[in-house]
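Marked as compositional bias 'Basic and acidic residues' by TrEMBL: 556-576, 601-613. Taken from TrEMBL, the feature compositional bias 'Basic residues' covers 577-586, 682-692. The domain 'Signal recognition particle SRP72 subunit RNA-binding' annotation in TrEMBL covers 574-616. According to TrEMBL, the region 'Disordered' annotation covers 547-692.
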Amino acid sequence: MVKEKEEKPKDKEQLALEKEGAWLDDLVALLDRSVRANDYKQIVKVADQILARAPGDAEAKECKVTALIQAGDISQALQTIESSQTPSLDFRFHKAYCLYRLNQLSEALAALNGVERSENVLQLEAQILYRKGEFGECISSYQKNFKEHKLNSTEIKTNIVAAYIARGRATEVSQLMESLKVSAHNGFEMAYNAACASIERKEFSKAEELLLLAHRIGQESLIEDDYTEEEIEDELAPISVQLAYVQQMQGCTEEAVESYNRVLKRKPVDALSVAIASNNLIAIRGGKDLFDSLKKSDKLLENKGLGQKLQFAEGLDHKLSTRQKEAISFNRCLLLLHSNKLSQARQFVSSLMETFPDSIIPTILSLAVTFKERKQAHVENVLDNYAAEHPKSATDASVVRAQATAAAGNFLEAAKSLEAIPELRHKPGMIATIVALREKGGDVQGAEIVLDNAVEYWRNHTGDDVRSTLETIIQEAAAFKLGHNKMKAAASMFEQLVSSSSTMVKMEALNGLVCSTAFSEPSKARSYEKQLPPLPGLSALNAEALERAAPTKRGRVGEDRVEATKTGDGKLDKVRPARKRKRKPLYPKGFDPANPGPPPDPERWLPKRERSSFRPKKKDKRNAQIRGAQGSVTRDKSVDTGGANGNVSSIVTGPRPAADGKKGNSSISSEVTVPHPGTGSRKGKKKGRQQS
């Protein structure tokens, strides 16, 4: 028999290595199962166990970083990436994404330098540029991604449309959507962006239709994805807020307020929707409900103005655009001004200047505070200096200066400030404002010169819609001259309108022409009057009978009314006073006016304690219990001031409830908690009972 070869026993190191390998295999299998189940917490836990035994395992580290990002732990993911020493892993894209999520946009853009320009890299770059407000570069990045990689995803097309709107190119969106071969029916995000483009173009009715379409499509798609009702409302909160804004711009203020309050009452997860709804609701209220408006404004800001850079609430700073931040800050300062909190307003303005150094709004708000302090001369000097130092903002400075001088009663000076703006002085709205200011300041001749210059300017001007603008200005100039008894000049302008205007304008011009020529040239007025269409219902009236009739007085209280009667042939007969209807006075039930009885008590509506006949009840001290030794006398505690327990304990009154909207806050929101009396009153009463 051949003797079998005996196996050598394994040493301890070899056994430990085999055991460690078995552990690693089990952990890798567990990691694979966790990845398939999308259990991000378990992935991080298992990856840490693997990295503790094999620090250089690239797959475990990559799984950990991805799981942390998916779980929303961005700071921990970035810390893991920066501590990674694995040369085989390229975490530059992951690092850029983490920096983007942490709103470190410049660092995120720098992290993408040198990374291969793949589809994901270009899309992340475009999103970073969009968040930074560099919309032109964002559009270029999206278009490059779209052309080079020949992508046909609706998501990228939706982002391109959003970038066009943010860039101020809303007029090109319709043509862009046709070139991308998409429509509003390609998803509720696309319908929402198309509605935003319509809002930018001031097409609010069309925007409302698109928003309702977006809400319906979004609701149907989210129901198919098994979203709960609350989750659907959270997802569609931006659409609801935008619908309320459209209602607000269409003049449906009550419906808009109801929609904003409905969104705020639901308290959606989207902080941006809450911020916009709160700001728009504050804008609608204006100077009303200041307490509740200030409370809503406080929730949008971290620091309320201490001369430092303004900080918005968590989750808003990187979501709000620059224009939205300016609007929220502007409304906050206006609320402080309406509340006469001038010192807080001045501190808040200093924060705005630190936050928006390139904007004119902080300067305007600072001057508003100064104007509130009645320093008119200082406001005008600052605006003049600002317009000289900032030529790009000179127009805004001149408009604000005109408003300040008009508010102070210097109407002619305000008109001169507006006339000094060359690019606006010939606009129809500006012409009307200047004419109104000069007329209010008593300079009728100057107002007439402004209108004549405007007519001459638009007569020599070329461009779109010049004819309708010229007709409007001539019509207003003629009406102004007619109102100030300059009949010949008014008739000349009305004749121009009659000869070269549309039918509607021509009829109005004929009416003015008849009025302006009736005193100086009656024959010409009759000829123009024949061109006017007959008024309905006046064919049966006899003008001669109306002239012979006695003049009637305008009906006032206490005077007899008169009425005319017609004869059989339609002529007016005679005028006789109308009969007065006599009404019997209404008496209370059971009251006999013949025997009215004694007159009622004049104090019958006053509480009993306020009537002159009221006498307070006195305490009966005869039944008071006598305590102590025989022969002792009871003493009134209110007189006794000696000893430790001599003083009477007063009943402590807790804080009073708010005025419940009777003063100032006429409509308190459901979010406002009215304070109730505290426990102090109960303790006071209990203490009083013990000592009584």
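Numbering starts at 1 and runs along the chain as displayed.
Just so it is clear, glycine is given a Cβ too, placed from its N, Cα and C backbone atoms.
Fair warning: this is a prediction, and the values are worked out from it, not measured in the lab.
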- Note on the structure: Helix, strand and coil residue totals from DSSP for the compositional bias 'Basic and acidic residues' (601-613) stand at 3 helix, 0 strand, 10 coil
- Item | Segment-level pLDDT (mean, integer) for the domain 'Signal recognition particle SRP72 subunit RNA-binding' (574-616) | 79
- Item | DSSP helix/strand/coil residue counts for the domain 'Signal recognition particle SRP72 subunit RNA-binding' (574-616) | 3 helix, 4 strand, 36 coil
